[in-house]
Amino acid sequence: MSTGPADGFGSEIREADGSFEATARVVDAGGSDDERVVEAALRPRRLAEFPGQPRVRDQLGLVLEAARRRGSPPDHVLLSGPPGLGKTTLAMIVAAELERPIRVTSGPAIQHAGDLAAVLSSLDEGEVLFLDEIHRMSRAAEEMLYLAMEDFRVDVVVGKGPGATAIPLELPPFTVVGATTRAGLLPAPLRDRFGFTGHLDFYEVGDLVAILHRSAGLLGVEADEAAVREVAGRSRGTPRIANRLLRRVRDWAQVHGGGHVDHHAAREALALFDVDEAGLDRLDRAVLEALCRRFAGGPVGLSTLAVAVGEESDTVETVAEPYLVREGFMARTPRGRTATGRAWAHLGLQAPAHAPQQSVLPLDDDGPGRLGG
Ligand SMILES: Nc1ncnc2c1ncn2[C@@H]1O[C@H](COP(=O)(O)OP(=O)(O)OP(=O)(O)O)[C@@H](O)[C@H]1O
């Protein structure tokens, strides 16, 4: 376990064995449980306050408004996309817009059909059931959920063995909001039960600027436009990272700058936490340095590259690579990893003539990366 602070302070925290603790990275798109408590205060409460994701916002707004006018629960909603982009926030907003209570649980918490039956049978009419990480539910629970979503019914099995009987239990109408970082892992029958699916994309800098201004206000911090832009530009298109970096800049400003978040404070704090202009941290840059300086831009195999930066292959592949590939710093080719022109330029090095300009095999956004890419 990490020995570092729990809210994403550290830009790198090393385990006793020297390996990299990914979840402690200041640019990690995942959130710890402690951080989620801090985040709760920063969530927009209504759709009209939710910056970014204009398509999903407009489509969802229509679905909810129509349901409200009909006076019946809307179709079930599936939200997919990388961590930290606002799936949980939108689920809360669905309930707020419908003015209904929300029940929150997650796939890993529902391992037996009985766990789900207990939740479903206690729902009130019109209640919203938020199922986070829905792709991690057990198969038996998934099957029970199909039936409940479609017919508002669960079969409660009483007894065991040959004498067991299924007693159908009617449920009041309710709305499931499912969230997943891996929509591709959901079995088709479950996916088909959702009448509305919204895929969240990485945010534009302008939207992150709006989010940061709002967060600064909620944190009671005075922040200049230039400072907010600097933070937004290094946040990897991810509100969770943007808010976390803002909190670190606020800390710096409180200790060194009289509390005012200006451009100087932003640059100094981000340098201290090792987040560069492109949002890369030390691990990302170490991978690029190794690729360019030691392997002349590649191609080089993943395990060789990992040894060169002193990390596990898995860490390089799932922690650093998704963002590097998404941003066109690195390409994955059948012969190995190669540095693109952007990588050479980022390190201030002259690219050899053969360097590809961008990635040739981009990773799926829903891929295994922890960085939201
Ligand atoms: N559009 C947005 N506007 C303002 N803040 C946002 C927005 N989207 C996300 N956030 C903030 O980012 C943080 C993470 O958001 P949220 O928990 O909703 O992400 P998520 O997609 O559910 O992540 P995970 O997949 O890790 O559960 C929260 O503090 C939330 O307030």
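The first residue you see is number 1, and the count goes up from there.
Just so it is clear, glycine is given a Cβ too, placed from its N, Cα and C backbone atoms.
As written in TrEMBL, here are the features:
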{"type": "BINDING", "residues": "THR88", "note": "Mg(2+) binding site"}
{"type": "BINDING", "residues": "ARG332, ARG337", "note": "DNA binding site"}
{"type": "DOMAIN", "residues": "73-207", "note": "domain 'AAA+ ATPase'"}
{"type": "REGION", "residues": "1-22", "note": "region 'Disordered'"}
{"type": "REGION", "residues": "23-203", "note": "region 'Large ATPase domain (RuvB-L)'"}
{"type": "REGION", "residues": "204-274", "note": "region 'Small ATPAse domain (RuvB-S)'"}
{"type": "REGION", "residues": "277-373", "note": "region 'Head domain (RuvB-H)'"}
Looking only at the region 'Small ATPAse domain (RuvB-S)' (204-274), how are its residues distributed among DSSP helix, strand and coil?
52 helix, 2 strand, 17 coil
Between the binding-site residues ARG332, ARG337, whose Cβ has more other Cβ atoms within 10 Å than any of the rest?
ARG337
Inter-residue C-alpha distance, the residue listed as 'Mg(2+) binding site' and ARG332 (DNA binding site) (nearest angstrom):
32
Give me the count of other Cβ atoms within 10 A of the Cβ belonging to THR88 (Mg(2+) binding site).
21
DSSP three-state call for THR88 (Mg(2+) binding site): helix, strand or coil?
helix
Give me the DSSP three-state residue breakdown of the region 'Head domain (RuvB-H)' (277-373), ordered helix, strand, coil.
41 helix, 9 strand, 47 coil
Arithmetic mean of per-residue pLDDT over the domain 'AAA+ ATPase' (73-207):
93
